[in-house]
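Here the structure comes first, spelled out in structure tokens, and everything after it is commentary.
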Amino acid sequence: MPSIFSYQSSEIDWCENNFVRSPIIAEYYNTISNVCFFILSAALLHLNRQYCQQRTVPMYFISGLLLCVGIFSMYFHMTLSYVGQLLDELSILWTLAVAYSFWYPRAHFPKCIKSRKHFYWLGGVTTVITTVMSFIKPSINAYALNCIAFHLLYLTWRELKKCNDQRVHRMAKAMVVWWVLAITSWLSDRWLCWLCQAINFPYFHSFWHVLIAVSLLYCFPLVMYFDVTYEMPAFKPKLGYWPSDSWPIVVPYIALEDPHKQC
Ligand SMILES: CCCCCCCC/C=C\CCCCCCCC(=O)N[C@@H](CO)[C@H](O)/C=C/CCCCCCCCCCCCC
Ligand SMILES: [Ca+2]
Ligand SMILES: [Zn+2]
């Protein structure tokens, strides 16, 4: 019986051909494309410095977890092992759980939840139960995780209905476009591998890594924007683009303005 650590012990094998570019890395491009999560993790801390000063613990927590996502995903694609698959999926689940616990808007709490402390408990218990359940049928875990994006879309839509800032609307649209490209790549790699092989381009899962990281680059400043709006009345949030609005390639970030300061 193969060990749960052994190469190719996972039931999932992505479309990229195995051991083509290296004898020790099963899926070369799928492995190296995870470097995007390291860049995302550092960029979040660097670009959103002002927000980070106000919310140091959540930001370092999330940034550390995104590093773990990148490391475990690299390990998974390098080995295609059962342990690699579970580490990859569980690190995503825990990152989502921590992000929801810190940033889920109070206005959307279930009626029985009276404070963020209660919400932490609800999130913690749900995550522990989901972690145990993820061992039952690991092949459906990735689909379940992808469904969470639909809940995020719903939340975004609810928040946009209350918001008049056109910069926020534009950033939300960009996030959705990147996510649509990302999920299309993920599904193509899963379901249309025969076609990708036929056109000699089995690399859509690597594109997914890049595109979902870009989509998260837009998602996090939006989440921070609503956090500042609801939880930090001493500041006024302003979405910006680095290096400047007019550049063809830009990275979004949030700045905090003092609403009492004149000019
Ligand atoms: C108020 C809530 C705020 C939530 C903020 C969002 C927090 C996101 C946290 C983590 C997401 C990391 C996802 C990266 C996955 C990379 C690893 C990977 O590719 N794994 C695959 C195998 O290698 C695996 O098959 C993928 C599984 C699916 C993961 C789906 C994650 C959903 C993330 C939702 C992102 C939303 C972006 C915008 C939505 C409109
Ligand atoms: Ca493969
Ligand atoms: Zn992957």
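Numbers here mean position along the shown chain, with the first residue as 1.
Cβ coordinates are placed from backbone N, Cα and C, and glycine is handled just like the others.
Curation does not apply to TrEMBL; its annotations are automatic.
Feature list (source: TrEMBL):
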- Asp13, Trp14, Glu16, Asn18, Glu27: Ca(2+) binding site (BINDING)
- 28-47: transmembrane segment (TRANSMEM)
- 59-78: transmembrane segment (TRANSMEM)
- His77, His205, His209: Zn(2+) binding site (BINDING)
- 90-107: transmembrane segment (TRANSMEM)
- 119-136: transmembrane segment (TRANSMEM)
- 142-160: transmembrane segment (TRANSMEM)
- 172-188: transmembrane segment (TRANSMEM)
- 208-228: transmembrane segment (TRANSMEM)
Chain residues in Cβ proximity to the transmembrane segment (28-47) (below 8 Å; excluding those fewer than six residues from its ends, i.e. six or more beyond): 14, 16, 20-22, 59-60, 62-64, 66-67, 69-71, 73-74, 77-78, 203, 205-207, 209-210, 213-214, 216-217, 220, 242, 251-253
Rounded Cα separation (Å) that holds between His77 (Zn(2+) binding site) and Asn18 (Ca(2+) binding site): 10
Additional residues around Ca(2+), ordered along the sequence, whose Cβ is within 8 Å of the centroid of Asp13, Trp14, Glu16, Asn18, Glu27: Cys15, Asn17, Ala26, Asn30, His77, Leu80, Pro202, His205
Cβ-based neighbourhood (8 Å from the centroid) of the Zn(2+) site, residues His77, His205, His209 excluded: Trp14, Glu16, Glu27, Tyr29, Asn30, Thr31, Ser33, Asn34, Ser73, Ser206, Trp208
Distance, His205 (Zn(2+) binding site) to Asp13 (Ca(2+) binding site) (CA atoms, angstrom): 11
Cβ contacts under 8 Å made by the transmembrane segment (208-228) with residues that lie 6+ beyond its boundaries: 30, 33-34, 36-37, 39-40, 43-44, 48, 51, 54-55, 62, 73, 99, 103, 105, 152, 156, 159, 168, 171-172, 174-175, 178-179, 181-183, 185-186, 189, 235-237, 239, 251-254, 256
Cα-to-Cα gap, Glu16 (Ca(2+) binding site) vs His209 (Zn(2+) binding site), nearest whole Å: 14
Cβ neighbours within the same chain of Asn18 (Ca(2+) binding site) - under 8 Å, at least six residues apart: Gln8, Ala26, Glu27, Leu80
